[in-house]
Amino acid sequence: MSQTSTLKGQCIAEFLGTGLLIFFGVGCVAALKVAGASFGQWEISVIWGLGVAMAIYLTAGVSGAHLNPAVTIALWLFACFDKRKVIPFIVSQVAGAFCAAALVYGLYYNLFFDFEQTHHIVRGSVESVDLAGTFSTYPNPHINFVQAFAVEMVITAILMGLILALTDDGNGVPRGPLAPLLIGLLIAVIGASMGPLTGFAMNPARDFGPKVFAWLAGWGNVAFTGGRDIPYFLVPLFGPIVGAIVGAFAYRKLIGRHLPCDICVVEEKETTTPSEQKASL
């Protein structure tokens, strides 16, 4: 298979995997907000976590199941991921999230309309932000912009560090097929503990793609600003990227360097030609 066709298949996998996790997660929130479903924070967090686990099972063998631009960037910087694939992966992830949000909206369309009519909500007003939160994340009204950024950075750093730990066969017993479920459980635990603060985005694609859809679907600028002076979309867009870089750096320097093998070093040795190895002596 050519490199081009391989990249195409990987991008399709990232599109479908990211779309799948958004379909389950946003669908759960839509059921809560407009269909009268009774979910607590833990139940919502578990559904998001299981959605991620299912998406990983679907795509891991094709693309590695990044499903998150922050993860893709961190793996490029700290785990030898091919830099030429970074932009295509990110575009695929955002597109998958956008399309899944649109699909959920289409399936729940009548319920959204009836909910707005019943509660006299004008789409695009500040009062409609809570309903826009069906698709993407907005902060608790009691925390400010900087605090929200710090929350997203910290929880994504924890997520990234533990993803590397859970998928590193050199770090204890190999997890194999259990790794996706453990990652899903990790997301559920983070969501249950920190979700009430920012909605635990931890994923620029998960947040930005659906925000773009909400903007197009009538929520307008409030979808990006969240009704705040500083556009809130910047927090779940850049906070997770910074956090993932910090988490990957911390794992590599504090844990990974003390393990028996170094993945990047091994890969570099395997790709070095005999003449290059001789020249390096």
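Using N, Cα and C of the backbone, Cβ positions are placed for all residues, glycine too.
HIS66 (glycerol 1 binding site) has a Cβ environment of 30 other Cβ atoms inside 10 Å. DSSP assigns HIS66 (glycerol 1 binding site) to coil in the three-state reduction, placing it in neither a helix nor a strand. Sequence annotations record features per position, and here Swiss-Prot assigns glycerol 1 binding site to HIS66, LEU67, ASN68, ASN203.
Within the same chain, the residues at least 6 positions away from TYR138 (glycerol 2 binding site) whose Cβ sits under 8 Å from its Cβ are VAL129, ASP130, ALA132, GLY199, GLY226, TYR232, listed in sequence order. For TYR138, the entry in Swiss-Prot reads glycerol 2 binding site, with the evidence type experimental evidence.
Long-range C-beta contacts of PHE200 (glycerol 3 binding site), restricted to its own chain and to partners at least six residues apart, with a cutoff below 8 Å, comprise SER45, TRP48, THR137, ILE155, ILE187, ILE190, GLY191, MET194. Classification of PHE200 (glycerol 3 binding site) by DSSP places it in coil, neither helical nor stranded. Annotation source Swiss-Prot lists glycerol 3 binding site at GLY199, PHE200, ALA201, ARG206.
The annotation intramembrane segment is assigned in Swiss-Prot to 64-67 (among others). Residues 10, 13-14, 17-18, 21, 52, 55-56, 58, 75, 89, 93, 180, 203, 205 of the same chain lie 6 or more positions beyond the ends of the intramembrane segment (64-67) yet place their CB under 8 Å from a CB of it.
What Swiss-Prot records for 68-78 (among others) is intramembrane segment, and it gives experimental evidence as the kind of evidence. Sequence-distant contacts of the intramembrane segment (68-78) (same chain, at least 6 residues past either end, Cβ-Cβ under 8 Å): 18, 85-86, 89-90, 93-94, 156, 160, 163, 202-206, 240-241, 243-245, 247-249, 251-252, 264.
The annotation intramembrane segment is assigned in Swiss-Prot to 199-202 (among others). With a threshold of 8 Å between CB atoms, the same-chain residues lying at least 6 positions outside the intramembrane segment (199-202) that come near it are 45, 48, 68, 70, 133, 136-139, 152, 155-156, 159, 187, 190-191, 235-236, 239-240, 243.
Per Swiss-Prot, the feature intramembrane segment maps to 203-216 (among others).
TRP48 (site 'Substrate discrimination') falls within a helix when secondary structure is assigned with DSSP. Taken from Swiss-Prot, the feature site 'Substrate discrimination' applies to TRP48 (among others), supported by a curator's inference.
The site 'Substrate discrimination' feature in Swiss-Prot is assigned to PHE200 (among others).
Annotation comment: Swiss-Prot describes ARG206 (among others) as site 'Substrate discrimination'. Counting every protein chain shown, 34 other Cβ atoms lie within 10 Å of the Cβ of ARG206 (glycerol 3 binding site).
Marked as topological domain 'Cytoplasmic' by Swiss-Prot: 1-5 (among others).
If you look up Swiss-Prot, you'll see 35-39 (among others) marked as topological domain 'Periplasmic'. If one looks beyond the topological domain 'Periplasmic' (35-39) by at least 6 residues along the same chain, the residues whose Cβ comes under 8 Å of a Cβ in the stretch are 28, 47, 108, 111.
Per Swiss-Prot, topological domain 'Cytoplasmic' is recorded for 79-84 (among others), and the stated evidence type is experimental evidence.
Summarising the annotation, Swiss-Prot assigns topological domain 'Periplasmic' to 109-143 (among others) and lists experimental evidence as the type of evidence. Residues 26, 29-30, 33-35, 101, 151, 196-201, 206-208, 210-211, 213-214, 217-223, 226-227, 232-233, 235-236 of the same chain lie 6+ residues outside the topological domain 'Periplasmic' (109-143) yet bring a C-beta within less than 8 angstroms of a C-beta in it.
Summed and averaged per residue, pLDDT over the topological domain 'Cytoplasmic' (170-177) gives 76. According to Swiss-Prot, the topological domain 'Cytoplasmic' annotation covers 170-177 (among others), on the basis of experimental evidence.
Residues annotated as topological domain 'Periplasmic' in Swiss-Prot, with experimental evidence given as evidence: 195-198 (among others).
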Exercise for the section: State, in range form, which of 6-34, 40-60, 85-108, 178-194, 232-254 has the highest count of Cβ pairs under 8 Å to the transmembrane segment (144-169). Expected result: 232-254
Handout entry: Alpha-carbon distance [ALA201 (glycerol 3 binding site); ASN68 (glycerol 1 binding site)] in Å
Key = 10
Exercise for the section: Give me the Cα-Cα distance between ALA201 (glycerol 3 binding site) and HIS66 (glycerol 1 binding site), rounded to a whole Å. Expected result: 15
Handout entry: Interface-richest range of 40-60, 85-108, 232-254 toward the transmembrane segment (178-194), CB pairs under 8 Å
Key = 40-60
Practice task
For GLY199 (glycerol 3 binding site), just count the other CB atoms lying within 10 A of its CB, please.
Solution key: 23
Handout entry: Distant-in-sequence Cβ neighbours of LEU67 (glycerol 1 binding site), under 8 Å, six or more positions away
Key = GLU14, GLY17, THR18, LEU21, VAL52, ALA55, ILE56, THR59, GLN93, ASN203, ALA205
